[in-house]
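Feature list (source: Swiss-Prot):
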COMPBIAS  17-34  compositional bias 'Polar residues'
COMPBIAS  161-173  compositional bias 'Polar residues'
COMPBIAS  250-262  compositional bias 'Basic and acidic residues'
COMPBIAS  292-310  compositional bias 'Polar residues'
DOMAIN    44-126  domain 'SCAN box'
REGION    1-40  region 'Disordered'
REGION    150-183  region 'Disordered'
REGION    227-347  region 'Disordered'
ZN_FING   355-377  zinc finger
ZN_FING   383-405  zinc finger
ZN_FING   411-433  zinc finger
ZN_FING   439-461  zinc finger
ZN_FING   467-489  zinc finger
Amino acid sequence: MAANWTLSWGQGGPCNSPGSDTPRSVASPETQLGNHDRNPETWHMNFRMFSCPEESDPIQALRKLTELCHLWLRPDLHTKEQILDMLVMEQFMISMPQELQVLVKVNGVQSCKDLEDLLRNNRRPKKWSIVNLLGKEYLMLNSDVEMAEAPASVRDDPRDVSSQWASSVNQMHPGTGQARREQQILPRVAALSRRQGEDFLLHKSIDVTGDPNSPRPKQTLEKDLKENREENPGLSSPEPQLPKSPNLVRAKEGKEPQKRASVENVDADTPSACVVEREALTHSGNRGDALNLSSPKRSKPDASSISQEEPQGEATPVGNRESPGQAEINPVHSPGPAGPVSHPDGQEAKALPPFACDVCNKSFKYFSQLSIHRRSHTGDRPFQCDLCRKRFLQPSDLRVHQRVHTGERPYMCDVCQKRFAHESTLQGHKRIHTGERPFKCKYCSKVFSHKGNLNVHQRTHSGEKPYKCPTCQKAFRQLGTFKRHLKTHRETTSQ
């Protein structure tokens, strides 16, 4: 790549199209110095966002676009490999999800090799949050959000939390490297009104450790309120009875009650403490669902503090608690770090009994499996092949059988290119190449590559002979031996 490119695109530059009489735009030394001092990412954004008005000169637009590309890629300073890395990194950032974009930005990756090392070592920030602001999602580090350090009185008011977050965003100085990286992810927020603060949703928090048992981001608010009540006993008074309103009368009659706002629970161990959600849901009196009424300025006690006589995990709506027609709250329990969920009667939840066959007492997890198994006792084979009239217990067996007629063998071995009609046959064939023998006899510790061979072998220990000849009543251990024996009877009959 030519090393003598300048901002003015001198003789022989890429913008000198043949036969063009239009004078070239020559940048002054001051402009060149100012251009070189600017951040390359700024030129990158200017290059990608460049647009040409319809009435402008296309030649001038081409020169301007070429100049912006030169200021971004800087072929006079970078090698071909570095420019290639810049282009690949750009497409990577466009096509990858937001989590990986943050990962690249935070670590300041500049080359594909560094990016590959970063992804292999999985050097990710401890945690970040997805912020839903005015209908759009943005990513911010929790250290910048700074919600975990907010006092309980602030966390009780969602508007104060959102205004504190907005002020922390506005205080980021554009000169610092960290603030500049965050501004690439989150657009500048000039000022959030109080109404916008109420509608601000921090609806999703990502735990980048990948631990499936890690606490989820919707379980801490109620615990914080409970701790605040312990410090301030005045807050633990029960919720006053609300007067009967037309909304409650309409709820009893089965009509649509007034839409209510709720503050959902958040995880007690999640660092980003406050998650505020407004839900506008319609409910009918027949379905029996209702939401907790909660004011953004006041914390509402949980069900256990309202009435200690009520079993844990049960709650009734605020208002007329004895009304039979009024909707009730259906609590949803999720296991957390504290241990299993307690039940009203102090009894542990019992797993549903498995579905057992009434003939052979074999158990199944799903009823559909039991239904298919019962056909082996009744002899029902409802799925029939149109070509050979052979019948099968389930449709998957019929589809596999039809490959015998069509000659289809969709499963191919990667080593010897041999093809098979059944996937299980392919898996057993692959063990020939790998030497794997995963099936072990529980009696003599002998190993086998196929489960069928193990079952036949274990009959030598148990003495089982499931195949019995209907002619001579002789029993056999293996199906192949039994079929060969049946041929002897047919040959004798034919003679």
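Cβ coordinates come from backbone N, Cα and C, glycine included.
Counting residue by residue with DSSP, the domain 'SCAN box' (44-126) contains 57 helix, 0 strand, 26 coil. Note: the zinc finger (467-489) comprises 11 helix, 4 strand, 8 coil (DSSP; helix = H, G, I, strand = E, B). When the zinc finger (439-461) is classified with DSSP, helix, strand and coil residues number 11 helix, 4 strand, 8 coil.
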